[in-house]
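A.B. asks: Mind looking over this structure? Questions follow.
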Amino acid sequence: MAMDNVTAVFQFLLIGISNYPQWRDTFFTLVLIIYLSTLLGNGFMIFLIHFDPNLHTPIYFFLSNLSFLDLCYGTASMPQALVHCFSTHPYLSYPRCLAQTSVSLALATAECLLLAAMAYDRVVAISNPLRYSVVMNGPVCVCLVATSWGTSLVLTAMLILSLRLHFCGANVINHFACEILSLIKLTCSDTSLNEFMILITSIFTLLLPFGFVLLSYIRIAMAIIRIRSLQGRLKAFTTCGSHLTVVTIFYGSAISMYMKTQSKSYPDQDKFISVFYGALTPMLNPLIYSLRKKDVKRAIRKVMLKRT
């Protein structure tokens, strides 16, 4: 933040689930289960991919990065949401709130771009299998991942550094965590530039990658149709369908949050929508993308045999 940002507010009150006290225990239990599943599932995938040389392939390189992103993304907000469930003073200082906003934004943006890179990898693998190892070589994979991370950091820095927020007393955030939209809603400054930048950034990090992913899966579906075996087609469609479902939940919920005017924003609705891309998909990704694969099951058996 610029040094000339003068505010009358130094901490924020995060409402979280406190305006629904009857749901507090249920919410705490669900978030705890989701967070532990996120840690175990993604942490185990990172370990397994590093441990087994047979998983040192392009797709698992992408999946290990996705698992790392999901692990960090879940950790950026869920532990705080758990602590604040039963806290009598669920306050967060302005620097911590801004830091959480920056970290969550960078991780989410990187994941949006990484999912598009993974879709490209699958298209190459299915449409051009003979040249797959040539097209998706090590440097190309590293470049795609580095571009995802680099672009997310640059865009996040642009959005955060462009904030010139003056808070005139209101400090109640109706959310489970600090997000850039939550801060903008509280300010008494003119936020038209910030809203415009968020919209443009969302087009390049949400709408375009999601469109690319959908087109990629259409190409994959056309390739699957040419499979002669009915059982093979059904299995491929089931796999692609589950992948596409999770991707749609992630992109769709984020698009519904960030690509609308603030006048059409409903805080109670928005904070529960954020659970889909901030908590649910980080838990589901290792289950959908990795743990059902034969290579992963084989690697798990290998680990279990070594332990015995």
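Each Cβ is built from the backbone N, Cα and C atoms, and glycine gets one as well.
Values in this document were obtained by computation on a predicted structure and should not be read as measured data.
Relevant sequence annotations retrieved from Swiss-Prot are reproduced here:
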- 1-25: topological domain 'Extracellular' (TOPO_DOM)
- N5: N-linked glycosylation site (CARBOHYD)
- 26-46: transmembrane segment (TRANSMEM)
- 47-54: topological domain 'Cytoplasmic' (TOPO_DOM)
- 55-75: transmembrane segment (TRANSMEM)
- 76-99: topological domain 'Extracellular' (TOPO_DOM)
- C97-C188: disulfide bond (DISULFID)
- 100-120: transmembrane segment (TRANSMEM)
- 121-139: topological domain 'Cytoplasmic' (TOPO_DOM)
- 140-159: transmembrane segment (TRANSMEM)
- 160-196: topological domain 'Extracellular' (TOPO_DOM)
- 197-216: transmembrane segment (TRANSMEM)
- 217-236: topological domain 'Cytoplasmic' (TOPO_DOM)
- 237-257: transmembrane segment (TRANSMEM)
- 258-270: topological domain 'Extracellular' (TOPO_DOM)
- 271-291: transmembrane segment (TRANSMEM)
- 292-308: topological domain 'Cytoplasmic' (TOPO_DOM)
A.B. asks: Report, as a single number, how many Cβ atoms besides its own are within 10 Å of the Cβ of C97 (disulfide bond).
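C.D. replies: Summing over all protein chains shown, C97 (disulfide bond) has 22 other Cβ atoms within 10 Å.
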A.B. asks: Near C188 (disulfide bond), which residues of its own chain have a C-beta under 8 A away, given they sit six or more steps off in sequence?
C.D. replies: H166, F167, C168, A170
A.B. asks: Flag the pair the transmembrane segment (271-291) / the transmembrane segment (140-159) as in contact if three or more Cβ pairs fall under 8 Å (sequence separation 6 or more).
C.D. replies: no
A.B. asks: For a three-state summary based on DSSP, what are the helix, strand and coil counts in the topological domain 'Cytoplasmic' (292-308)?
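C.D. replies: Here the numbers are 14 helix, 0 strand, 3 coil.
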A.B. asks: Cβ under 8 Å, sequence separation of at least 6 from the ends of the topological domain 'Cytoplasmic' (292-308): give me the contacting residues as numbers and ranges.
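C.D. replies: Residues 45, 48, 51-52, 54-55, 60, 239.
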A.B. asks: What parts of the chain pack near the transmembrane segment (197-216), using Cβ distances under 8 Å and only residues at least 6 beyond its ends?
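C.D. replies: Same-chain contacts beyond the flanks: 109, 112-113, 115-116, 119-120, 122-123, 151-152, 155, 158-159, 162, 180-181, 184, 244, 247, 251-252, 254-255, 258-259.
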A.B. asks: Six or more residues beyond either end and a Cβ under 8 Å away: which residues meet both conditions relative to the topological domain 'Extracellular' (76-99)?
C.D. replies: 1, 7, 9-18, 24, 27-28, 31-32, 34-35, 38, 107, 160, 173, 176-178, 183, 278-279
A.B. asks: Could you give the residue numbers and ranges of same-chain residues that sit at least 6 residues beyond the topological domain 'Cytoplasmic' (217-236) on either side and whose C-beta is under 8 angstroms from one of its C-beta atoms?
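C.D. replies: Sequence-distant neighbours of the topological domain 'Cytoplasmic' (217-236): 119, 122-123, 126-127, 243-244.
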A.B. asks: What are the helix, strand and coil residue counts for the topological domain 'Cytoplasmic' (121-139) according to DSSP?
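C.D. replies: The topological domain 'Cytoplasmic' (121-139) comes out at 16 helix, 0 strand, 3 coil.
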A.B. asks: For the topological domain 'Cytoplasmic' (121-139), what are the same-chain contacts with Cβ under 8 Å, counting residues 6+ beyond its ends?
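C.D. replies: Long-range Cβ neighbours of the topological domain 'Cytoplasmic' (121-139): 58-59, 62, 216, 219-220, 223-224.
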